[in-house]
Every structure is written in C-alpha cells, then in structure tokens.
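Enquirer: After the structure tokens below, expect a handful of questions from me.
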Amino acid sequence: MTFDKIKVENPIVEMDGDEMTRVIWKSIKDKLICPFLELDIKYFDLGLPHRDATDDKVTVESAEATQKYNVAIKCATITPDEARVKEFNLKSMWRSPNGTIRNILNGTVFREPIMCKNIPRLVPGWTKPICIGRHAFGDQYRATDTVIQGAGKLKLVFVPEGTDEKTEFEVYNFTGAGGVALSMYNTDESVRSFAEASMNMAYQKKWPLYLSTKNTILKKYDGRFKDIFQEVYEANWKSKYEEAGIWYEHRLIDDMAAYALKSEGGYVWACKNYDGDVQSDFLAQGFGSLGLMTSVLVCPDGKTIEAEAAHGTVTRHYRVHQKGGETSTNSIASIFAWTRGLAHRATLDNNERLLDFTEKLEAACIGAVESGKMTKDLALIIHGSKLSRDHYLNTEEFIDAVADELKARLLKAKA
C-alpha cells in the first residue's frame with residue numbers, strides 16, 4: 001500500500017559512508033525514508049574512494065553544506081590507517097572525516113542510549129539513560145605531537161599578535177635517546193559554546209548536568225574549563241535550573257567515572273574531547289551495545305546539527321557480505337541518525353507531520369526489538385551461549401520488520 005508522502009520544506013545534507021554501514025544506509029533510505037517523505041537531499045559521498053578522488057575536499061564541502069542547511073545525517077566512515085592506505089591505494093592517509101566535520105562545525109557531540117526493555121544491561125543499575133556531551137574541538141584531536149630524537153630542551157613558546165615579546169616555557173630537558181612530546185590547545189570561545197550546549201541539553205531534558213575535568217593536575221588548562229562553565233551557569237542558567245529543580249556541578253573525572261557506575265542514570269555528563277571519546281563507548285557497552293546509541297553533534301548556534309551512528313563501518317560483516325554470505329548487522333543506530341536529523345528539521349520547519357513520523361519510526365525500531373525481532377548482536381545479549389539461528393533476523397529481514405512495524409503504526413494513526 002502507498003502512503004501520502006510527507007512534504008519536507010527544507011533540504012537535509014546526506015553524508016554517505018563505507019562498507020557494511022553503506023549497504024544498510026541504502027536499505028534504510030529505500031525502505032524507511034523515501035517511501036514516506038518528499039525530501040530534498042543534498043548528497044555527499046564520503047565513502048573512502050571518493051574522499052581520495054577529491055583529495056578529501058568532499059568532507060569539507062559536506063560540512064559547509066551543513067552550515068548552510070542546518071541538518072546533516074551521516075553514515076559511518078572509514079578513518080584510514082596504514083593497512084587501509086594499502087587496501088584502497090590511497091594518495092594520502094586522510095584524516096578522520098568526523099574530526100574534520102567537527103572542527104568546522106565546532107560543536108558538542110551528545111550520545112545517549114536507545115533503551116529496549118528486553119535487552120539486558122551490563123550495568124543493571126542504569127535504569128535511566130545517561131546523555132554524554134563530548135566537546136568536539138581541540139585537545140588531543142588538534143594537537144601537534146612529535147618523536148624527539150636525542151638529548152635537548154623542549155620549549156613551549158607563545159608570540160602575541162603585533163608584538164615580539166614572546167612568552168617561553170621550558171617543558172622538559174631530554175637526556176639520552178629522547179622520547180615523545182605533545183602540544184595541544186583549546187579556545188575560550190569553543191569552551192563557552194560547549195558549556196552553553198551542555199546547559200541547554202540538560203535544561204531541555206530537565207536532568208542535572210555534571211562537568212568532569214582533572215583540574216587538580218591541569219590547574220590552568222582544565223581549570224579554564226571549570227571557570228568558564230561556572231561563569232556560563234551563573235550568568236545564563238542558574239535561575240532556570242533552580243526553577244526546574246535540577247543542578248549543575250563540577251566533578252573530577254575519576255570521581256565522576258566511579259559515580260557513573262553506581263548511579264541510576266538520568267543526567268547529562270559533559271566531557272572534554274578525549275574523556276568523551278572513551279566514556280561514550282564505556283556507557284554504550286554498559287547500556288547493552290554500541291548499536292543502541294544515538295549520536296548528535298550540536299553546533300554553537302543551537303540550530304545546526306549533524307546526526308550519525310555512534311559505531312564504525314562493521315568491516316567484519318562487510319567481508320562476509322562481499323563473499324555473498326548472510327549478515328545480521330544492527331541498523332538501529334543508523335536509523336536513529338535519520339530520525340534525529342529529520343526530527344530537528346521538523347522542529348526548525350515547524351513540521352508536525354514530520355516530527356510525528358520520526359517518533360513513529362523510532363517506536364517501530366524499539367517495538368520490533370521488544371517483540372523479539374532483532375539482529376544477532378542483540379539476540380546474543382539475551383540468549384548468550386544458547387543462541388540459535390531462529391533467535392535473530394538477518395540484516396534485510398530486520399529492516400523489513402521495522403518497515404512493517406512503521407506501516408502498522410502509520411495506518412493505526414490514520415484510522
């Protein structure tokens with residue numbers, strides 16, 4: 001049966017990806033998006049061969065288009081290492097597309113679990129979601145690192161604009177064979193945007209907000225994060241938070257990691273770039289699976305976002321797929337990349353029909369899993385060593401099951 005397509009007034013940016021996620025991405029579009037929406041898609045192929053062919057210009061162009069149209073939906077992509085350079089015969093070991101996009105958009109990545117009642121959690125005490133906000137600019141991800149050969153002095157030098165009066169810090173006096181060195185940075189402007197985005201997210205959810213740093217060791221670097229967050233809170237959010245019955249608090253990263261493990265959830269955790277990289281995967285596993293995690297990059301303007309799956313390109317499954325074998329790849333996080341991006345488009349455009357559609361598609365995913373229709377990774381969490389083939393669906397069967405569930409929900413709403 002055909003459905004009246006919902007008209008989406010403004011375009012979205014689509015960033016295609018690699019390997020198995022590229023395969024499921026097309027299936028999601030063909031079965032869950034295009035049959036129901038009249039949608040203007042600005043398409044960018046971020047698959048590794050096309051990034052190589054364009055000298056990675058396509059990645060920059062996709063980020064610039066996101067700034068123009070405010071909504072991007074991204075498939076998982078390969079970040080090449082030495083082995084990938086050989087495999088694809090690349091011109092260069094291109095940077096992480098996520099890193100490039102995040103640095104252009106200068107946003108905060110918020111990750112949150114997709115909770116299904118029948119999927120057991122490794123941390124059973126987590127009865128409420130934990131939303132982790134990762135500052136997606138600077139620190140180790142924009143650092144200059146080097147191998148030091150031999151003895152010598154390592155210095156850090158700052159030369160203020162318009163003057164020759166430089167400030168010099170002696171970092172270390174190397175003796176013997178040498179070692180390694182790293183210089184990294186962040187900006188007040190970016191940290192302030194991170195603070196605003198985190199405060200806003202927690203306020204929308206009516207959850208408390210925690211910022212974690214190691215300001216006892218990095219007194220100036222992490223201390224700056226702590227001070228700026230406090231300034232932003234006092235100036236713009238304190239009265240709103242008190243009214244909503246929520247709070248903001250700074251905690252040391254080690255203390256916060258321990259607290260997270262024993263808490264029940266139900267808060268936003270603002271992390272510096274590296275901490276957020278690590279802790280978001282820790283949270284995903286604790287809640288059940290990286291395949292059950294949403295990931296949205298929120299920009300400082302509050303109206304530009306990029307939604308993506310929180311996992312990689314599922315290379316192992318792709319190798320099986322290439323040989324014509326059966327795969328059972330979890331597409332939920334990729335489906336939620338589409339729903340979260342389209343939901344934001346709906347909010348910006350004041351499109352209630354589109355917003356309702358995204359809610360029904362998310363409910364269809366969760367409904368399918370809770371009715372026992374799931375991919376192998378989720379079935380394994382439930383059945384463990386007793387897992388058999390009839391416990392799970394293959395890649396396409398699962399997307400078909402979600403499509404059936406979605407159609408049933410749309411028809412029910414029509415009736």
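Backbone N, Cα and C define each Cβ position, glycine as well.
Pasting the feature list from Swiss-Prot:
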- T77, I78, T79, R84, K262, G312, T313, V314, T315, R316, H317, N330: NADP(+) binding site (BINDING)
- T79, S96, P97, N98, G99, T100, I101, R102, R111, R134: substrate binding site (BINDING)
- Y141: site 'Critical for catalysis' (SITE)
- K214: site 'Critical for catalysis' (SITE)
- D254, D277: Mn(2+) binding site (BINDING)
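Relative to the rest of the structure, where do these features sit?
Expert: Following the DSSP three-state reduction, the secondary structure of T315 (NADP(+) binding site) is helix.
Around the Cβ of P97 (substrate binding site), 25 further Cβ atoms fall within 10 Å across all displayed protein chains.
Look at Y141 (site 'Critical for catalysis'): DSSP puts it in a helix. All protein chains considered, the CB of Y141 (site 'Critical for catalysis') has 18 other CB atoms within 10 Å.
According to DSSP, K214 (site 'Critical for catalysis') sits in a coil region rather than a helix or strand. Of all Cβ atoms in the protein chains displayed, 16 besides its own lie within 10 Å of the Cβ of K214 (site 'Critical for catalysis').
When secondary structure is read from DSSP and collapsed to three states, D277 (Mn(2+) binding site) falls in the helix class. For D277 (Mn(2+) binding site), other Cβ atoms within 10 Å of its Cβ number 16.
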Enquirer: So how many other Cβ atoms are close to G99 (substrate binding site), meaning within 10 Å of its Cβ?
Expert: 16
Enquirer: Once near-sequence residues are set aside, which residues in the chain of I101 (substrate binding site), 6 or more away, have Cβ atoms under 8 Å from its Cβ?
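Expert: In sequence order, M15, T59, S62, A63, T66, A72, K74, L297, E306 meet the Cβ cut-off.
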Enquirer: Counting only residues 6+ away in sequence within the same chain, which have a CB under 8 Å from the CB of T79 (NADP(+) binding site)?
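Expert: Within the chain, T79 (NADP(+) binding site) has Cβ neighbours under 8 Å at W94, R95, S96, P97, N98, G99.
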Enquirer: Tell me, by DSSP, whether P97 (substrate binding site) is helix, strand or coil?
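Expert: The residue in question, P97 (substrate binding site), is helix (DSSP, three-state).
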Enquirer: Just how spread out is the substrate site if you go by the largest Cα to Cα distance in Å among T79, S96, P97, N98, G99, T100, I101, R102, R111, R134?
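Expert: Between the outermost Cα atoms of T79, S96, P97, N98, G99, T100, I101, R102, R111, R134, the distance is 20 Å.
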Enquirer: To the nearest whole angstrom, what is the C-alpha distance linking T77 (NADP(+) binding site) and R111 (substrate binding site)?
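Expert: That separation, Cα to Cα, works out to 18 Å.
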Enquirer: Taking only the residues the record lists as binding NADP(+), namely T77, I78, T79, R84, K262, G312, T313, V314, T315, R316, H317, N330, what is the largest Cα to Cα distance between any two of them, in Å to the nearest whole number?
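Expert: Between the outermost Cα atoms of T77, I78, T79, R84, K262, G312, T313, V314, T315, R316, H317, N330, the distance is 40 Å.
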